[in-house]
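Engineer: Pasting in a structure now, in structure tokens, and then I'll have a few things to ask.
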Amino acid sequence: MSDEESSPQRVAIGISFGNSNSSIAYTTSEGRAEVIANEEGDRQIPSILSYVAGEEFQGTQAKTQLVRNPKNTVAYFRDFLGQEFKSIDPTPCHQSAHPREHESTVAFSIKDTESDDENIVTVSEITTRHLRRLKNSASDYLGKKVNAAVITVPTNFSDKQKESLSKAASEAGLEVLQFIHEPVAAVLAYDARPDAKLSDKIIVVADLGGTRSDVAVIASRGGMYSILATAHDYDLGGALLDQAVMDHFAKEFIKKHKTDPRQNDRSLAKLKLESEAVKKALSIGGSASFGVESLADGIDFTSTINRTRYELLANKHFASFTRLITHAVEKAELDVLDIDEIVLAGGTSHTPKIASSLRNAFPPTTSILAPSTSPTAINPSELVARGAAIQASLIQEYETEDIEQSTHPMVTVTPHLRASIGVLCISGSESQGLFRPLIDAETPAPVRRTAQFATPKEGGDVLVKICEGVREIKVTRAEKPQTNGRKEDDEDSEVDSDDEPEEVREKVWRVGKVLAEAAVKGVKKGGKVEVQVNVGPDLAVQVIAREVGGKGGVRGSIEKPAVVENGSA
Amino acid sequence: MATALQVSLPLPVLPEGWSAEKDFKAAGTLSSATQRIVEPVGPHFLAHARRKRHKRTFSEDDRIQAQENVKKVEDEDAGDISEPEDPLMLQRDAKDWKNQDHYAVLGLSKYRFRATEDQIKRAHRKKVLRHHPDKKAAAGSTEDDSFFKCIQKATEVLLDPVKRRQFDSVDEHADVEPPSKKQTQKGNFYKLWGPVFEAEARFSKTQPVPKLGNEKSTKEEVEEFYNFWYNFDSWRSFEYQDEDVPDDNENRDQKRHVERKNQNARKKKKTEDTARLRHLVDDALSLDERIKKFRQQEHAQKNKRRIEKEAETKRLAEEAAKAKEEEAKLKAEREAAEKVEKAEGKKAKEAAKNAAKKNKRVVRGSAKDANYFHAGGDAPPSQIDAVLNDVDLIIAKIDNEELALLTSKLNGKKDAGEIKVIFAEEVARLVSAGTLKDGEAKSFA
Ligand SMILES: Nc1ncnc2c1ncn2[C@@H]1O[C@H](COP(=O)(O)OP(=O)(O)OP(=O)(O)O)[C@@H](O)[C@H]1O
């Protein structure tokens with residue numbers, strides 16, 4: 001597509017850049033996305049830089065510096081980029097270099113050179129240094145100089161934030177080909193799997209990180225994604241779970257040694273690091289051991305905790321994750337029954353209890369893609385970076401101008417159907433016929449869909465009645481069945497075993513506007529009828545109905561609605 | 001798209017008489033669409049973009065125009081949550097968190113129990129952005145981080161559903177004092193009491209709670225309302241006001257003592273609260289004009305029924321009296337008639353008697369006229385006696401009518417033979433009727 005002129009060959013990767021961790025990924029020549037391990041073997045590279053006597057450490061090495069050298073360690077800075085000091089929340093930086101106001105931006109005062117003087121280093125500069133390290137790690141791994149990237153950002157990253165990030169990246173020698181939204185990258189990572197089947201579905205992506213949680217409700221239609229609603233929580237994340245573990249061990253320590261390891265910065269930092277490790281271990285094992293040398297007052301401390309205990313300690317937070325996710329569904333004006341899939345992304349999504357809580361809050365028709373609920377789930381920590389790598393491979397041949405034009409609102413802003421379009425089966429009467437959707441609501445126009453319908457036993461003349469359908473939730477109160485046939489999940493079932501009659505909720509179709517009727521005549525016994533509905537960019541509709549294998553067929557068109565909101569080209 | 005969707009439900013049979021030009025008829029247009037952004041990601045989007053661009057170049061103006069009606073999916077800034085901060089509040093000591101107004105600390109005074117989780121989170125963030133100790137240091141303020149801790153505590157309480165209920169239970173600022181009787185009588189009952197009940201409704205386990213309504217509410221609605229409030233199921237509890245339980249393990253008895261004390265206090269407060277609410281509902285009920293109105297209406301209804309009933313009784317009584325009168329009148333008339341009849345009967349009887357007397361005289365006279373059936377000369381006395389005896393026998397045996405008939409037959413008859421025949425016939429008639437025995441009255445034989 002592009003004619004490579006002056007610029008050298010592009011080598012593009014995908015980068016997920018979080019407040020807690022970053023990942024780099026690339027797409028193999030076979031089209032598989034893979035996350036790259038850095039020199040230390042980490043695929044989740046802590047977004048932390050630390051300076052010791054002028055030497056720069058990054059990632060896990062920098063993270064360990066939080067204990068000894070917190071003042072010269074910069075962490076949790078992504079969300080400060082492109083922001084004014086007054087609109088940032090410095091809370092995550094309590095145990096590292098504190099952000100401060102510098103001109104119109106945010107900066108850190110750190111000793112980043114051999115000299116003993118503190119320098120003011122802006123968040124842009126820190127970002128540049130971090131990205132440069134990431135770029136170098138990728139280049140080392142790939143054996144060629146990486147010079148471009150698709151970087152993921154939260155759905156509510158402002159233009160100003162993107163601009164700052166873009167600048168910081170280019171300072172690091174990275175051309176940002178495109179910013180893509182984190183939840184969309186996660187969905188793309190799943191859809192790009194070779195065995196993935198394309199289907200229309202509503203997906204909730206819950207990106208549960210270290211300092212924040214972001215949820216997006218996405219309509220996936222023919223491989224195109226539209227965000228219907230989002231919810232953000234800047235206090236909910238893995239750090240809260242660490243805190244629960246910390247408090248638990250701190251109390252144990254106090255009981256034994258009468259001193260609170262949380263009172264001393266260094267002890268606190270050790271406690272935090274080990275608590276996080278314990279928490280991660282509990283995602284896989286039933287119990288985990290805690291051990292810190294010289295936790296406080298020179299006392300070594302070891303202990304263990306089992307998963308049940310941990311889940312009890314953090315129960316309140318687990319409930320908050322579920323509520324945030326159901327809240328996003330409400331914001332999209334949808335019902336839990338509408339959700340086909342929940343994609344759990346972000347490091348915290350490894351937590352089994354989060355997935356099982358969601359399992360209880362959503363109907364069995366919702367598949368939950370998390371390591372503990374689905375054997376085919378992709379590592380949630382890698383999802384976003386993988387999606388970015390796939391997008392990078394798709395567009396790296398494009399000229400910059402081309403990418404810009406392709407992502408222009410004239411292209412991206414599209415009318416989305418309000419109601420589903422479908423056909424009445426069994427009866428042509430609007431009250432008796434059964435609506436079968438052909439095109440789901442929230443599908444962007446233009447769109448074309450085809451379906452084949454059975455016909456009455458004897459064949460003959462059939463009616464193709466095309467209507468709009470509106471999904472409704474039917475609630476029936478059924479007396480509680482004596483046995484519900486479940487055996488395994490006894491402990492879960494007591495949650496809903498109050499004496500209220502059980503509510504049965506189901507999705508039903510209400511037939512809305514009738515759009516058109518067509519007759520297909522003389523269908524032979526056992527024949528099928530194929531109906532194709534083609535919605536144009538202006539919402540005019542073309543219909544073709546014909547017997548499968550038969551000749552001719554019926555064609556007709558439905559005019560576009562009188563008021564089409566603007567935006568379609 | 002790849003393979004066509006397969007639907008196993010059959011299409012309906014074409015209805016009888018359906019027809020259309022080229023077998024197709026359009027009936028309506030699509031509902032208007034929502035303008036949304038398709039995420040510019042993935043191979044299918046790139047294909048879409050290729051089709052949509054047709055090698056055109058879009059400008060900055062196009063961008064603005066295209067974005068005009070796009071449905072927003074990100075929230076705006078928490079601008080709706082802002083209220084001035086009371087300087088006194090900013091000096092609060094976080095240790096005294098039990099006595100702080102958590103809603104005021106977060107700037108949610110006007111929302112209180114109505115604040116959503118989302119609002120609380122956003123309010124919290126807004127406060128953190130302003131009051132984080134790092135911000136204060138930057139502003140050169142020496143203020144400690146006490147208020148920041150207040151913010152954290154407020155958020156901790158309000159975002160924990162259990163703790164929030166405990167606080168809401170004792171959040172006096174959300175209470176609406178019921179108006180006095182005087183105030184109520186001077187003012188608008190619904191305006192004054194509506195908010196009272198709305199505030200109390202927050203404690204209801206059953207939601208939604210029926211509203212007080214207004215003067216147009218129906219009797220059923222009003223009844224439902226008071227029924228609901230008299231059967232109020234409240235989650236209000238009072239552990240928030242517990243005395244602190246000593247934390248040390250040494251003083252176990254003291255600990256248990258405080259715990260027991262707390263338990264009792266909670267129970268007592270709960271009982272008092274139930275009574276308070278009952279009282280409040282009683283007051284409202286007693287001041288509720290609708291109750292009076294419904295009672296009056298009921299009263300009027302009853303009255304109407306009573307009046308109707310009375311009228312009915314009256315009518316029935318009148319009817320009965322009339323009937324009685326009529327009857328009396330009839331009776332009187334009948335009696336009068338009877339009297340007349342009687343009188344007339346007497347006369348007739350007398351007349352008949354007289355007539356009979358006359359007739360007897362005629363009959364007897366006829367015997368005399370016939371010379372007692374003695375042929376020639378004066379009839380011997382024995383004959384006269386015998387004849388007169390027989391005549392009297394006949395007379396005695398016949399009634400007045402027969403007598404009259406006999407008389408009429410005899411009237412004017414002078415001929416002895418003829419008279420004798422008449423008598424003989426009469427005797428024969430009487431004998432055949434069994435009135436006379438054969439052989440009696442032989443004078444006429
Ligand atoms: N196996 C695991 N089990 C539980 N938690 C985990 C696991 N692995 C990572 N985490 C947690 O995930 C969090 C980091 O998530 P992630 O790597 O997605 O961060 P991020 O995207 O940078 O997040 P943010 O920007 O919100 O800080 C940390 O709190 C970490 O402890």
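Cβ from N, Cα, C; glycine included.
Automated prediction, rather than curation, is the source of TrEMBL annotations.
According to TrEMBL:
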COMPBIAS  B:57-74  compositional bias 'Basic and acidic residues'
COMPBIAS  B:75-86  compositional bias 'Acidic residues'
COMPBIAS  B:254-269  compositional bias 'Basic residues'
COMPBIAS  B:340-352  compositional bias 'Basic and acidic residues'
DOMAIN    B:101-171  domain 'J'
REGION    B:48-86  region 'Disordered'
REGION    B:242-276  region 'Disordered'
REGION    B:294-313  region 'Disordered'
REGION    B:340-363  region 'Disordered'
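Could you give the neighbours, burial and distances for every feature on this list?
Structural biologist: For the compositional bias 'Basic and acidic residues' (B:57-74), same-chain residues at least 6 beyond its ends with a Cβ under 8 Å from one of its own Cβ atoms are 34-37.
Only residues 6 or more beyond the boundaries of the compositional bias 'Basic residues' (B:254-269), in the same chain, are considered here, and those with a CB under 8 A from a CB of the stretch are 237-239, 241-246.
Under 8 Å from some Cβ of the region 'Disordered' (B:340-363) lie the Cβ atoms of residues 391, 394-395, 400, 403-404, 406-407, 410-411, all in the same chain and six or more residues away from its ends.
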Engineer: For the domain 'J' (B:101-171), what's the mean pLDDT in this predicted model?
Structural biologist: 89
